[in-house]
Amino acid sequence: MRLLFLLFILLVCLAQTTSGRKRNSKFRPCEKMGGICKSQKTHGCSILPAECKSRYKHCCRL
């Protein structure tokens with residue numbers, strides 16, 4: 001019974017790790033498009049159509 005419980009816990013942990021990797025992969029396009037995530041108060045940068053992790057930042061062209 002304990003072995004079954006430990007296997008279940010391991011399965012839950014692995015599922016959370018893979019979902020975390022998928023969540024972070026959608027934020028990579030900013031770097032792939034040649035940009036960097038900066039705060040919204042930054043002036044003088046052209047905004048790229050990519051996502052950043054923080055909702056208070058946008059992707060700026062370097």
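Glycine is treated like the rest: Cβ placed from N, Cα and C.
These figures come from a predicted structure and were not determined experimentally.
Here Swiss-Prot annotates a disulfide bond for C60; of C45, C52, the partner residue is C45. The record in Swiss-Prot pairs C59 in a disulfide bond with C30, which is drawn from C13, C30. The least crowded of the disulfide-bonded residues C30, C37, judged by other CB atoms within 10 A of its own CB, is C37. In this structure, of the disulfide-bonded residues C45, C60, the smallest number of CB atoms within 10 A of the CB marks C45.
Between the CA atoms of C60 (disulfide bond) and C30 (disulfide bond) there is a gap of 8 Å. Sequence-distant neighbours of C59 (disulfide bond) (same chain, six or more apart, CB under 8 Å from its CB) are P29, C30, M33, G35, I36, C37, I47, L48, P49, A50, E51, C52, listed in sequence order. In the three-state DSSP scheme, C30 (disulfide bond) is classed as helix.
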